[in-house]
Each structure stands twice: as structure tokens, then as C-alpha cells.
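Asker: Found this in Swiss-Prot, in case it helps:
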{"type": "BINDING", "residues": "114, 118, 304", "note": "Fe cation binding site"}
{"type": "BINDING", "residues": "136, 137, 138, 139, 140, 169, 182, 186, 278", "note": "substrate binding site"}
């Protein structure tokens, strides 16, 4: 049988990435050009800057991917690209590049949901036994997705307000940390203790939903109130603050994940998204998820990358191109959700 090679593009936010996947499991290359340093001074991603960086880097990434994989365009089976969700301008850069490459080389074009990519990154690590549950946590999303069988996605829970990663970044700003602050908060948390009684929203409800806005507000209010008393709690107790905040986030994520798995019994639990790099969350999952297979991708596959997009595209390709192939009128879908697939 002829080998399957998928060239994938990911430009949904602030990483320009191009990857080539062989036969759905062998990642030949996963080129990532990060823009973090360009966004740090703004405390978050600036869409216009992100788009300009994608334009500058996309061709370089394509050339690097083909060179590293030692693959020529005529060996490729298909081109895949993130169509959403994400920043509109950023998505369009990747989509235009993918459409141009596909058209020029007479290749089919497969659109991919960015969150399906985060989910299917697990398939690059281990075999997913179905049915499966996925906890997807990032700067823009916190959701639980039930995967009854390969390529079937049902969102069963999500955040009502802030995503977990968004809460980390906002709290990090209050702490005086540079963007992105999740890794630093995680490191500080491991040096401190859970000494502050921060709220765990919706812990006692039977709804598979998250809420982190109350936690964020409680953190900000505590810091403000302590400052009013003359206690610079950020300077005096930063590690315990970080530990208490992270404990609250992880408690909620764990509780709702377990609730989802009670409602939808599964064989595998997958974790994906940028926040899945959090060591505190990884430790809790490894300690408490013992009856189901647990797949946690390595750090290189947690953030945005085209390798995961290729993995999700391979699943779509197996459904038959007549069912999944996009035309050259493919457009960005910044608010794409699983229900739209």
C-alpha cells in the first residue's frame, strides 16, 4: 500500500507551524515558529501582530518541513489546515497558504477543527481505546469532549465564562508576571502551600460545566484587600498564592472530568491543550485516574502545533475524501465548535 503523507498547517493564534505526518502515526517533522517574545510586552496576543508574523514565517516553515522530512510535494497525499476556532486574521494566513499549496500541487485540502487537533495529539503518543473522554484546556477553551468512536466528537461540558488558561494569564498579570504566565505560576505553586481558601465554582452541582471567573475575581479582591491593609501579599507570599490558585483550578478540572466520566463511561482519558503542560494537573491525573487508560501528550505536543492538525486530518481522510475535502472557497471559522463538524 502506498504511504500516506499529510502536510498540515496551524496558524490559529501565535504559533506558525507546519508538519508532515506519515501513515497517521509517524511525525516526520513539526516545525514551530513561536511569537511569544513579540507579544510579551502587551500582556497577551495582539491579533494584528500575530497575523503579520504568520505571513513572514509561513513560507520558511513550509520549506523547513519539506527539507527535514526529506519529502517532495509529489509524494504528499493531502494538505490539512486549521479552519477554526482562533483569530480570524491568523487563521486566514494558514488557510491561504494551504489552499495555494494544495492547488499548485493538485492535492486535496482537509479542514480541521483546532480543538480536534488538541484531542488527536494523543494518537501520536499511544493508541486511543474507544470510547474516550478528552479534557481540553487552553487559553481560550476549557471543555470536555466525549469520543464514542474514532472521528466522532461530542462536547459534553465547557466553561461558562473564563477558560482555565485565561484565568492563569489574568492572575499572572496581577502577580506581575510576564505573558504567558502559566508555567511560572505552576513552578511557584510547587514551592508553596494551599493556604488561601479560594472558591471552587460549581463543585457540588451535577452539571459538567466549569467556571473560573469567580476564582479570578476572588484572587484579585484578596490582593487588593491585603494591599489596603498595608500587606503587599504579592511580595510577601507569592508562592502560597500561586499554590492556592492552582489548587482551586485543578480541583475543579478534576471534579468535572470525573463527573463526565461517570455520565459517559470510557476506556481512555485524554488531556490536551496548552494547560495540559501544567505539572500540577498532570500529577493529579496520574495519581487519581487509575481505572482508565490515561494519555497525556509530551510538552512539545501540548501547545499549538501542526503535528496535531495532521493527526486529526488523518482521521478525517479515512472517512473518505468525498466526505471531508474542502474547496478553494474554504474560509476561516473563528468561532468553530464541535457541533459544526
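Here the Cβ of each residue, glycine as well, is placed from N, Cα and C on the backbone.
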Asker: Just going by other Cβ atoms within 10 Å, which of the binding-site residues 114, 118 has the emptiest spot?
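Answerer: Lowest Cβ count within 10 Å among the binding-site residues (114, 118) is 114.
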Asker: Far apart in sequence but close in space: which same-chain residues, 6 or more away, have a Cβ under 8 Å from residue 182 (substrate binding site)?
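Answerer: Those within reach of residue 182 (substrate binding site), by Cβ under 8 Å and sequence separation of 6 or more, are 165, 168, 169, 172, 274, 275, 277, 278.
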Asker: Identify, among the binding-site residues 138, 278, the residue whose Cβ has the fewest other Cβ atoms within 10 Å in this structure.
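Answerer: Fewest other Cβ atoms within 10 Å, among the binding-site residues 138, 278, is found for 138.
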Asker: Nearest by CA distance to residue 304 (Fe cation binding site): which of the binding-site residues is it, out of 136, 138, 140?
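Answerer: Its closest listed neighbour, by Cα, is 138.
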Asker: Which of the three DSSP-derived classes (helix, strand, coil) applies to residue 136 (substrate binding site)?
Answerer: strand
Asker: Select the closest residue to residue 118 (Fe cation binding site) from the following binding-site residues, measuring between CA atoms: 136, 138, 140.
Answerer: 136
Asker: How many other Cβ atoms are found within 10 Å of the Cβ atom of residue 304 (Fe cation binding site), counting all protein chains shown?
Answerer: 25
Asker: Do me a favour and check the Cα-Cα span between residue 140 (substrate binding site) and residue 114 (Fe cation binding site); whole Å is fine.
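Answerer: Pair distance, Cα basis, whole Å: 11 Å.
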Asker: Write out, in the order they occur in the sequence, the residues of the chain not among 114, 118, 304 that have a C-beta within 8 Å of the mean position of the C-beta atoms of the recorded Fe cation site.
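Answerer: Same chain, not in 114, 118, 304, Cβ within 8 Å: 10, 12, 82, 86, 115, 117, 138, 272, 273, 305, 308, 309.
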Asker: Mind giving me a neighbour count for residue 140 (substrate binding site)? Other Cβ atoms within 10 Å of its Cβ, every protein chain shown.
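Answerer: There are 19 of them.
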Asker: How big is the gap, in Å, between the Cα of residue 138 (substrate binding site) and that of residue 114 (Fe cation binding site), rounded to a whole number?
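Answerer: On Cα coordinates alone, these residues lie 11 Å apart.
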Asker: If you count Cβ atoms within 10 Å of the Cβ of residue 136 (substrate binding site), leaving out that atom itself, what do you get?
Answerer: 27
Asker: Can you grab the distance from residue 136 (substrate binding site) over to residue 114 (Fe cation binding site)? Cα atoms, rounded to a whole Å.
Answerer: 11
Asker: Could you tell me which three-state DSSP class residue 304 (Fe cation binding site) falls into?
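Answerer: In the DSSP reduction, residue 304 (Fe cation binding site) maps to coil.
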Asker: According to DSSP, folded down to helix, strand and coil, what is residue 278 (substrate binding site)?
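Answerer: Where residue 278 (substrate binding site) sits, the three-state DSSP reduction gives coil.
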